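Novice: Pasting a structure here, questions to come.
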Amino acid sequence: MYFENTREFAQKLDQKDPLKKYRDQFLFPKVNDKRVLYFTGNSLGLQPKNTRQFVNDVMKDWEELAVEGHFYAQKPWWDYHERLANPLSKIVGAKPAEITVMNTLTVNLHLLMVSFYRPKGNRYKIICEEKAFPSDQYMLQSQVRFHGYEPDDAIIEIKKRDGEHNFRTEDILKTIKEVGDECALILIGGVNYYTGQVFDMKTITKAGHDVGAFVGWDLAHAAGNIKLDLHNWDVDFAAWCSYKYMNSGPGNASGCFVHERFHNQKEIPRFEGWWGTSKETRFLMKPEFEPMANADAWQLSNAPVLSLAPYLASLEMFDEVGMDAIIAKRNQIVAYLEYILKEIDEQVESSFEIITPSNQEERGTQLSVFLHGEGRKLFEYLMKKGVIVDWREPNVIRLAPAPLYCSYSDMYEFGQILKEGILNKVS
Ligand SMILES: *Cc1c(COP(=O)(O)O)cnc(C)c1O
């Protein structure tokens, strides 16, 4: 791709951007009366303008119909969650029957582990990546303890090689082989939250199955960001949050994938509740649980409609745009940001080191950058200038230009502000 680090060039890219109209469908915070340059769509996506209407519709139905809203709301509440399965199935590469939406991410991973972490005899170990997202670490430690094992023994962390920033697939496969028939479960973040590295989920899933383990993925940083094909990759289960790349609002609901081969399995252990029982007989209030014939069997409670409404609003936009168009823009805007960073690197004394893989197949929307020789003051300066980035001590910034609402001009303006900050030695 040919790029120039000029305002005119960035504006030209914006004019040609097939997704340009979506930028105006989002609400941007303002700093100094100007829309911020927003790089933290990997942490909390911006609010789409139509979200409020979706929430208001529920509020209105509640006001006017009260309990009758369960069946007579414009979008009835009792099966509201089912509306999300179809658009989500396209985002994660699944059949709609393999998707359910409920609870929040860590909760869902715990619930899914009831079905998919079933240690027995020698087979009790879990393979994960080193320095996984903290919630995942706490979750795995508490799960193995719950089953009577010691985390030091039962959790096998895949390591990076000394001096390298990313995991190598060959090392992961080697670990899986070594743990072999002691491996009960492989559970890794599909896109590493710190570096933005995308794991080879298809190959790793197959290797896990070859040693007889279940394989699940935490897709917090993957859903709505990268191409996923969960069904065909033969993944056993997965879960993701919706407030990062999927713009559903703070702390909002999580989506789950359960491969169809587990639906209708009578013996599969699972924590159950009334929203997982057959719709046809649910309100007969029978004592026997008759599981739904799809991933909804894992549902427990009646749907939290007020939090599903913003998720649905966002999914309708994703459905309209499609992941292919999002990924096409993502590749170009991230490449442009990378180009700008390298340009500026040559003009300033401090050096940037992009620790995210340079290969587009191994990364999504995020670039993680070591700013050698810079410190927290630079981050504070950026925030004051209306650049919202994520800073990790001592000096890593994570930049995630979400394709739906970030522009090429944003990348250019960011570069100028960054360069000015470094040259003026704000840090
Ligand atoms: C963001 C994130 C979470 C957050 O979990 P919640 O239960 O939604 O708070 C968990 N795991 C990973 C890998 C994440 O990136």
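Cβ coordinates are placed from backbone N, Cα and C, and glycine is handled just like the others.
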Novice: Among N50, N56, N166, N302, which residue does TrEMBL name as a further pyridoxal 5'-phosphate binder in the site formed by L105, T106, F133, P134, S135, D136, D218, H221, Y243, W274?
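Specialist: The one candidate that TrEMBL places in that pyridoxal 5'-phosphate site: N302.
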Novice: Over the residue list L105, T106, F133, P134, S135, D136, D218, H221, Y243, W274, N302, recorded for pyridoxal 5'-phosphate, what is the maximum interresidue Cα distance in Å?
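Specialist: About 32 Å separates the two most distant Cα atoms.
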Novice: Which one of these binding-site residues, F133, Y243, has the sparsest Cβ neighbourhood, judged by other Cβ atoms within 10 angstroms?
Specialist: F133
Novice: From the Cα of K244 (N6-(pyridoxal phosphate)lysine) across to the Cα of N302 (pyridoxal 5'-phosphate binding site), what is the distance in angstrom?
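Specialist: Their Cα atoms are separated by 24 Å.
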Novice: Provide, as an integer number of angstrom, the distance between the C-alpha atoms of K244 (N6-(pyridoxal phosphate)lysine) and F133 (pyridoxal 5'-phosphate binding site).
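Specialist: Answer for this pair: 14 Å between alpha carbons.
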